[in-house]
């Protein structure tokens, strides 16, 4: 049976990437889609692992070819998700996570209506600013811009199926895992897998 496509969104600093990476490590049935981006790699990031890093000309060529399930501009950089790569994983029975913003999520819902979506919130504005500052990667004016972008991103929370608040990492990870586990036990997914057992029980 094909896997389920999940969209996970959050403002920068909410802990989305750490949560998603932890889920992928602990659940073999979950894969993370590797997006294309025009932004430069951050320290420790690897091409093909964290992102496919491409220049703007290559990115626009992929857009023109219709290769992206979704694409968006965030903080002046472009991000996109390969349609064929996602479909290949789903066909293998893997649940696939797209770690994208609300703009990309809206595009994916239109093109793949069966996807499920999760929005992750920080516990407070103060905590979000602390996390962004703690990274040590950005100047104060950049932090201010990211905070403004975060408020804009969070205003779209109601477009999602599930809402989590990342105030305790382990608890939030368990809640995220519970969403995936519960979906796998929906009737329409379990009935084909349990066909023989059901025949035996009801025969």
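Any Cβ shown, glycine's included, is placed from N, Cα and C.
Pulled from Swiss-Prot:
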type	residues	note
BINDING	10, 11, 12, 13, 14, 15, 16, 17	ATP binding site
DOMAIN	3-181	domain 'Guanylate kinase-like'
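Annotated features taken from Swiss-Prot, shown on the structure.
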residue : record           : Cβ contacts under 8 Å, 6 or more apart
10      : ATP binding site : 16, 119, 120, 121, 122, 153, 166
11      : ATP binding site : 121, 122, 128, 149, 150, 151, 153, 154
12      : ATP binding site : 132, 146, 149, 150, 153
13      : ATP binding site : 122, 128, 129, 131, 132, 135, 146, 150
14      : ATP binding site : 120, 121, 122, 128, 131, 150, 166
15      : ATP binding site : 120, 122, 131, 166, 169, 172
17      : ATP binding site : 99
10, 11, 12, 13, 14, 15, 16, 17 excluded, remaining Cβ within 8 Å of their centroid (ATP)
120, 122, 131, 166
